[in-house]
Amino acid sequence: MAVVAAAAATGSTTRSGGGGGEGTSPPLVTVNTVLSLLALDYPRAGERLACYVSDDGCSPLTCHALREAAGFAAAWVPFCRRYGVAVRAPFRYFSSSSSPESGGPADRKFLDDWTFMKDEYDKLVRRIKNTDERSLLRHGGGEFFAEFLNVERRNHPTIVKTRVSAVMTNAPIMLNMDCDMFVNNPQAVLHAMCLLLGFDDEASSGFVQAPQRFYDALKDDPFGNQMECFFKRFISGVQGVQGAFYAGTGCFHRRKAVYGVPPNFNGAEREDTIGSSSYKELHTRFGNSEELNESARNIIWDLSSKPMVDISSRIEVAKAVSACNYDIGTCWGQEVGWVYGSLTEDILTGQRIHAMGWRSVLMVTEPPAFMGSAPIGGPACLTQFKRWATGQSEIIISRNNPILATMFKRLKFRQCLAYLIVLGWPLRAPFELCYGLLGPYCILTNQSFLPKASEDGFSVPLALFISYNTYNFMEYMACGLSARAWWNNHRMQRIISVSAWTLAFLTVLLKSLGLSETVFEVTGKDKSMSDDDDNTDGADPGRFTFDSLPVFIPVTALAMLNIVAVTVGACRVAFGTAEGVPCAPGIGEFMCCGWLVLCFFPFVRGIVWGKGSYGIPWSVKLKASLLVAMFVTFCKRN
């Protein structure tokens with residue numbers, strides 16, 4: 001039995017999959033996610049497969065879209081299984097070809113069914129897109145949609161689906177997916193079951209993670225967020241320790257692992273782990289719901305549960321356990337379920353599962369199990385990286401630090417090092433920023449920090465620079481990626497470090513001092529791909545776009561500063577030498593500034609030539625210019 005949970009967030013980034021023409025409506029994307037999940041290949045799927053959808057925005061449009069999709073699913077699921085459809089998200093399936101060919105009676109039957117399903121899907125799309133939220137609340141469903149009028153909208157963590165599914169179907173295996181993903185391999189569940197069950201050490205296999213893959217991905221990864229090399233090299237490497245990290249989506253979990261139960265748990269260990277089987281102990285961990293405690297007891301001690309005859313009888317119980325205040329006074333969010341306390345709860349939850357002694361597996365299938373949509377454009381990408389970096393920094397300075405999990409729990413030392421490598425990414429930001437300022441500072445103050453080209457010591461930093469970039473380049477070649485993909489990722493690493501990671505570092509620093517609170521930022525839809533954008537005609541989706549977000553100010557300022565430094569240095573070399581004034585900075589300082597100008601070239605182009613969303617707004621330019629002027633003034637005084 002498997003439980004499939006899809007997470008929908010109204011307003012999150014979604015985009016259509018080329019050619020389909022169905023637009024970029026989040027409810028429609030969620031519908032395609034759910035339809036692809038319901039059509040999975042699984043024995044007796046109608047009895048064993050359940051799908052739960054949560055919507056943080058509590059949108060009546062999403063609820064209406066899912067109700068409309070239920071009728072379509074009754075025909076879509078049998079169609080997929082009858083003809084062995086490979087990709088079972090309708091928007092991808094019907095966009096792959098305009099019309100199938102027919103050659104015989106059997107093919108003619110398929111053509112008739114295909115045409116019928118295409119017409120039904122087009123009708124579904126029109127009904128969803130033509131629905132207005134206000135009219136839906138007034139006239140769309142009587143008392144059903146009236147509940148949305150006074151509802152409180154807030155962030156509902158993934159734990160909600162865990163509790164709701166526990167009191168309704170209580171499956172021992174759960175699949176967690178984001179709303180902007182779909183099943184690309186209909187046998188993904190069967191592959192996952194092979195990695196969770198049926199081998200000697202199956203009891204210690206806590207979760208199976210599929211690598212993130214993206215449909216309609218831009219060539220050569222211009223925004224550095226497809227992470228193909230990261231999954232192929234790094235995540236595959238930790239397979240030899242305790243296994244892959246939990247990536248937040250496309251992951252199959254054992255419910256027992258999510259409940260905070262260690263592997264190989266049995267009755268003899270009860271007193272040493274979670275206490276006795278009394279209801280008092282269960283209430284402390286899981287809350288006051290008798291039905292939830294009973295289902296948890298069945299999972300923890302591998303007891304058989306009674307089959308659910310009428311699932312609708314548990315609706316009121318499900319509402320009770322999904323309440324936002326149900327967690328109070330329980331272990332939910334700490335020892336049970338998804339872990340709270342970080343914007344990257346996926347890493348934190350996976351680390352907690354590993355710290356209990358569980359292992360995980362990376363599931364690489366052909367075709368890929370799941371496909372998603374990668375954010376495009378500057379604002380969406382940098383906002384996403386800032387959110388990730390903020391969560392990673394919070395984990396490093398909290399009691400959830402992997403070093404403590406290694407010292408006092410069962411997280412292996414090498415797995416701890418792997419977590420530290422990823423969690424420590426944002427900590428590079430202040431150092432990279434200082435190095436980015438060091439070159440301009442030396443040129444503007446007529447000093448040097450590197451040996452001259454004529455000195456023997458110059459070969460040391462030059463060799464480090466060449467060897468690091470050569471090794472990094474060879475990694476991308478080994479993954480089958482292009483030289484342009486390597487350069488795009490290298491360039492984005494410099495941009496992300498100075499912008500998103502720097503702001504994330506400052507955010508966490510201020511939070512640790514009690515001066516601010518972290519705020520969850522939704523990854524918005526990129527402006528350049530909107531229907532009403534001035535640059536839609538002839539738009540280049542791989543070109544950097546900008547807006548007035550603060551995340552663009554540091555990079556813009558550093559790009560300006562390096563251009564100013566190179567210009568001042570060149571003038572000093574040209575005119576100062578003629579006047580007999582020596583130029584202290586050597587070729588090393590000029591190479592540093594020139595390299596950063598190359599890395600920040602999308603910003604240079606946005607400053608000088610960009611127009612519309614491809615140009616940096618004047619508000620950002622003015623703030624960046626003020627920072628540059630302050631730095632130049634500081635250099636003159638030194």
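Placement of Cβ uses the backbone N, Cα and C atoms for every residue, glycine included.
Please treat TrEMBL annotations as automatic predictions, because they have not gone through curation.
According to DSSP, Asp56 (active site) sits in a coil region rather than a helix or strand. Residues or ranges marked as active site by TrEMBL: Asp56 (among others).
Annotation comment: TrEMBL describes Asp56 as UDP-alpha-D-glucose binding site.
Sequence-distant neighbours of Asp346 (active site) (same chain, six or more apart, CB under 8 Å from its CB) are Phe245, Tyr246, Ala247, Gly248, Thr249, listed in sequence order. Under the DSSP three-state reduction, Asp346 (active site) is assigned to helix. Residues or ranges marked as active site in TrEMBL: Asp346 (among others).
What TrEMBL records for 551-575 (among others) is transmembrane segment.
Residues or ranges marked as transmembrane segment in TrEMBL: 587-608 (among others).
According to TrEMBL, the transmembrane segment annotation covers 614-635 (among others). A Cβ distance under 8 Å defines the sequence-distant neighbours of the transmembrane segment (614-635), meaning residues of its chain 6+ beyond its ends; these are 437, 440-441, 444-445, 528, 535, 543-548, 552-553, 556-557, 560-561, 564, 603, 605-607.
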Would you mind checking how many other C-beta atoms are within 10 angstroms of the C-beta on Asp56 (active site)?
20
